[in-house]
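To keep things clear, I will list the structure first and then write my remarks on it.
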Amino acid sequence: MLKLLLGDPNTRKLKRYQPIVEEINFLEEEISKLTDDELRQETHNLKSQISSESDIKQQKELLDESLPKAFAIVREASKRVLDMRHFDVQLIGGMVLHECQIAEMKTGEGKTLVATLPCYLNALTGKGVHVVTVNDYLARRDAEWMGQVHRFLGLSVGLIQQDMSPVQRKKNYDCDITYATNSELGFDYLRDNMSTDINEVVQRPFNYCVIDEVDSILIDEARTPLIISGQVERPQEKYQKASELALALVKAKEIGKDGIDPEGDYEVDEKQRSCILTDQGFAKCEEYLAVSDLYNPKDPWAHYITNALKAKELFIKDVNYIIKNNEAVIVDEFTGRVMPGRRWSDGQHQAIEAKESLKIQPETQTLASITYQNFFLLYPGLAGMTGTAKTEEVEFEKTYKLESTVIPTNQIRKREDLPDQVFKTEIGKWKAVARETAQIHRAGRPVLVGTTSVEKSELLSSLLAEEKIPHNLLNAKPENVEREAEIVAQAGRAGAVTIATNMAGRGTDIILGGNSDYMARLKLKEILIPLLVKPNNEHKPPIPKQRSSKSKGGFSSKVGSNLTKNIPDYSTSLFPCKLDEEIQKKLSVLSDELVKNWGDRQLSVLDLDDRIATAAEKAPTEDKMIKLLRESLSRVKDEYEKVLTHEEKKVREVGGLHVIGTERHESRRVDNQLRGRAGRQGDFGSTRFFLSLEDNLLRIFGGERVANLMNAFRVDEDMPIESGMLTRSLESAQKKVETYYYDIRKQVFEYDEVMNNQRKAVYSERLRVLQGTDLKRQVIGYGERTMYEIVEAYINPDLPPEEWDIAQLISKVKEFIYLLDDLKADDVKLLSIEELKNYLQEQLRTAYDLKESQIEQIRPGLMREAERFFILQQIDNLWREHLQSMDSLRESVGLRGYGQKDPLIEYKNEGYDMFLEMMTNMRRNVIYSMFMFQPKTDKDDKN
């Protein structure tokens, strides 16, 4: 009703931007007359004007005033460098981002290009801008591709990659605009706050940040905190024994109700992802291990057994993890990518290693941690882009104070979303998927099939191989990951079939007919790798292995001949045609030149990738080799383009890309992302989901209602079921899951909020120490506070002065400050409490000056170094112990709910007390260490 009366709030919001769009369009003609150098000068003038304003509010107003001109400059630069002009809707997207909101833009609407607008504008402050992507490949692609626009305008562009040294990182963070992944940014922040020298700190204070695929980072990954950990030795045989025991235990067929244990040794709750021993199971374990109590603190077993049971029942090989180089590597459930270097905590990873008979790595202890939620809230300006934000609008608003605005598409969507097909059994569903894939493939349309795990993608792969359908597989297996971009680049070719796990290639558009730019790069890579790359540099050839060797170009032979008559017989599985002799000769000359200049097999694969990517740019270059490479790339691309343009036309005629979903994801948003692959930028396309009543989502969250439906449907397994009740069950299951995970994220956020305030206090204290501004005053401050606390502890103001325990107080003071050895009770017994505090603080300052003169005689500057060392040492040690204590508190506090107490309030109160105690200990330990500090001198060494 309100919508009818007031109109759609999103539409009202968009109208507000229209006059600014008109102003930018008006400026376009004026800006287009400027030379390249004049454009750069405009940037310089704007930057000088904005960065010189020290008042933050005034600076923000200046930025807003400069927006039309800045956007017009970026649009012009983009036309000149990328041959891409921002549409009006993209300008609106840029304004939404500048206002620190989330811009929801459909797949293929050019989100990456939109980001150039607010990034350029906010970089004019000179405080740095971060562009965040979900993986290293996308960060590099965007820094190379969009970075051209910024470099052309005279701004510096940085890129953070996994294997960079601290020096390289610092240099890149100091650039005007820096591209990085969320995990690199987060870990650098934690490492900076563990460094012992200000020169080791790589990041500047945060300013403005744009997150690409914001839903993936702020929502999907919000449940997992970033943790830096150190190793702790734990007995490995316990993991092995627990793993053997888990195999011997019998799972209960159902979950116990009303406190009554079911038949079996343990029950599994898939929804809560937990395993609980029954009384019978406890007895069996105690007998097997010959112990009387699994929870005995001196010899605990319960934790090991629970982890072993979870490894057996809930952590499935090729779904949750894969085995690579004799290590268990985690697979991200949202992107389907492997996450090397990441490990499950609390001994869970070790339990999986024991289950798979791998070498068990030592357990770890947390040294520093932060959640993505609290990390990104450190940015004064935060904005994000995604194709799907509306489903999580409330969470963005509540947790991050971020509004979502839907940006209209530039062209009308022509995608057809076909009704779901639901099957009784999983095998019936997979057969139907294979049938539909074969049918669409034979019609000459490209097909993209999204699966939820490595295991399922390989099952479908084998079904298609039986049907002799050539296809590409894109999942977390190492041999497929390397070819991610290559596979997606050709996924739009006629009849191509691509199976992808959770659309791992998000970020690379599927272009109907195939992506000539990527194919040209790959052709050059194929020629140059054997000549330029070091032989020991591990690399798989980038040529996708089609599953059917007889077919050409990803088509069945019949389709290949019908659709692509102009493609010669000798086309390979990736490249659309053979290059003519003239181009081949040129490539041969190029190879010889590059070997002469870059050396025979001297580069790494990454180096070569970078150089080919630079050559693919349009940015000006003086490098002769890059120019040669660019010319060859252009020739190869033009050659491929001729064939692919014809192919694109054919693909459009038969209906465009068809996307098949094989399971509803836990989040409707991920389903929408998969659908969004078809029908980009007004292309034709279609989507359909195939589901079964045995799918995880319905099985775990659908409840008894779905189980009853299964029995009610007396239909064959390969007969699709259509039922309104079923569709409603499905939607309610999905909403249930979304609410369930939202509650988990909310809880993670609320608990981490307590840690966050403590973390900020500790990290700002550390930074003060690293910057070294007046360390002496800081340490004396610690000492004065300690003297104050000693007086408060030993003097009771309610007692008369003659009953005060002055002797005990003086003894305590001397424990901390041995230089006050001649201090006597008689010196202070006539003083009031305030006078006593002032007197002791005065004595402390005098003693500290004396200590300083002793130390400085040994070596000037040594006292400041000692102060820095002891403060950092104490902060780090006590913070590490505090993190451990807070973890234990969090685990135990949940039980207080049974005593009618709010666990979160209890956690806040006790956590605060523990934090105050930690800070007190830190101050006292520093004072004690400083006075006890006795450096060795040359005389000591001679003696």
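For all residues, glycine too, the Cβ spot is worked out from N, Cα and C.
Here Swiss-Prot flags Q90, G108, E109, G110, K111, T112, D509 as ATP binding site, drawing on sequence analysis. Note on G110 (ATP binding site): other Cβ atoms within 10 Å of its Cβ, all shown chains, come to 19. According to its DSSP assignment, G110 (ATP binding site) is coil.
The region 'Disordered' feature in Swiss-Prot is assigned to 535-560.
According to Swiss-Prot, the compositional bias 'Low complexity' annotation covers 551-560.
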Could you say which of the binding-site residues E109, D509 has its Cβ with the most other Cβ atoms inside 10 Å?
E109
What's the most sparsely packed of the binding-site residues Q90, T112, counting other C-beta atoms within 10 A?
T112
Within 10 Å of the Cβ of K111 (ATP binding site), how many other Cβ atoms can be counted across all chains shown?
24
